[in-house]
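Chemist: This is the feature table in TrEMBL:
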type     : residues : note
TRANSMEM : 20-39    : transmembrane segment
TRANSMEM : 136-154  : transmembrane segment
DOMAIN   : 210-328  : domain 'Palmitoyltransferase DHHC'
TRANSMEM : 258-280  : transmembrane segment
TRANSMEM : 292-314  : transmembrane segment
REGION   : 374-418  : region 'Disordered'
COMPBIAS : 393-404  : compositional bias 'Acidic residues'
Amino acid sequence: MRRGWKMALSGGLRCCRRVLSWVPVLVIVLVVLWSYYAYVFELCLAYHASLREGRAGAWRQELMQSPWRGAAYWLAPYGLLGLIPYRVTRSTSPGAGPSPLIIPESKLTLSGLEASTFNHCPISTALTVLSPAEKVIYLILYHAIFVFFAWTYWKSIFTLPQQPNQKFHLSYTDKERYKNEERPEVQKQMLVDMAKKLPVYTRTGNGAVRFCDRCHLIKPDRCHHCSVCAMCVLKMDHHCPWVNNCIGFSNYKFFLQFLAYSVLYCLYIATTVFSYFIKYWRGELPSVRSKFHVLFLLFVACMFFVSLVILFGYHCWLVSRNKTTLEAFCTPVFTSGPEKNGFNLGFIKNIQQVFGDNKKFWLIPIGSSPGDGHSFPMRSMNESQNPLLANEEPWEDNEDESQDYPEGLSSLAVESET
C-alpha cells in the first residue's frame, strides 16, 4: 500500500514537472504575440480618433441607440469606420485646425437605419506611421522575418531529440549477464568486447568506455544522457528550457536558426520603432494608447537583443570550432588521449557539419546535417588522409591542458552514470 502511494506521488510530481516545463515557452509565445499586436496594429495600422468640439456627447448618444451605430463608435479609435457605410468629409472652415474629420449636418443612413441630424463634430486623428508606402514596406519586411522566426522556433520545440539506435544497446542476454556479474574486471572486459564492434572512439576522463547505466547502452561519440529528458541524446549540446527540448544532432541547426532570426527580429523592431519613440518622447505625436505599446516594444526588443546576440555569438564560436557546449566545458577524450580540437575540421567543413553541403538550405529550417549522429569525422583521420594537415597549426588558442592524464588510456574501464 505504501509503495503504491509512493508511486502515485512520484507520478504526480513528474506530471507537474512536465506541465511547469512549458511555462518558459508560454512566456515567450505571449511576448511574441504581444509584439506582433503592438507592431502591426498599434504602430502601423492604428487610427486614433477623438471628438474635440461640437455635440460630441449627442453624437455618442445617437451612435449608441442602435447596434450598428454603437459599432461605429467603438470602431472609430481603430480606424475601422470604413466598415460602416456613411460619408465623412473634411472641414474647410477657417480656424478649424489641421483639417479634422467632421460629420456633416445631413441625414446619414447606417445599414438602412436613418440617423438623426448632427451638428459639426470635428474629430482629431493620429496615425503613428503616416506614409502608406512606409506602412507597406514595414509590414512586408516584418512578416517575412516573423514567419522564419516562428518557423524555426516551432522546429526547435517539436523536433524530437535523436537517440542511439539499437546496435548500441545491450542485448537482453548481455544486459542480464552484465547485471549478474559481480566482478568489475569481467564487466570491463564485456564492455571492451562490445565496444570493439562499434564506431566508438571517445572515452571518459579516466579512459573508461562511455556506458550509460540508465539506458543500458554504450554511448556513441558526442552522445550524452539528459537527466531532464531521461534519455541519451546524440551529439547533445544542452537542454534548453526556452524551447522545452534537448538540443542535439536532430535540431541543433534549427536552434541556431532560431537564435539568428530572433536577433534579426529584435533588431528590426528596435530600428523601425526608434524614430517613433523619439517622436513620442518629444511630444510630436499625441499621447494615445499606442504610445505605451511603442515605448515598451522598444524596451523589450533591446533587452532581448542584447541577451540573444551574446548567446548567438557564443554558438557561432562553437560551430566555427565544431564543438558542443558540453565539449567546450569538458575536453573530449579519445583512445589516444584528450584532444580539444578532435572534431575541428576547419572553418568551412565545421559549418557544413551543422548546415550541410547545400548552401541553399542553410537559411531554411529543413534538416540537412550530414551523417546519422552516431559517428563523426575527426581531425586525426583527416590528417592521416591528408598529411599536409598534420603540419598546420590548429585553429585554436594555445592553451595548456588543465588535467594530466595517465599513460595507458587505451585500457578501458566502465563509466558510472550519476
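Cβ atoms are placed via backbone N, Cα and C, with glycine included.
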Chemist: Which residues, given as numbers and ranges, are at least 6 beyond the ends of the transmembrane segment (292-314) yet have a Cβ under 8 Å from it?
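Modeler: For the transmembrane segment (292-314), the far contacts come to 31, 35, 37-39, 42-43, 128, 256, 259-260, 262-263, 266-267, 269-270, 273-274, 276-277, 280.
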Chemist: Could you tell me how many residues in the domain 'Palmitoyltransferase DHHC' (210-328) are helical, how many are strand and how many are coil under DSSP?
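Modeler: Counting residues by DSSP class gives 67 helix, 16 strand, 36 coil.
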Chemist: Over the domain 'Palmitoyltransferase DHHC' (210-328), what does the predicted model average in pLDDT?
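Modeler: Mean per-residue confidence for the domain 'Palmitoyltransferase DHHC' (210-328): 93 out of 100.
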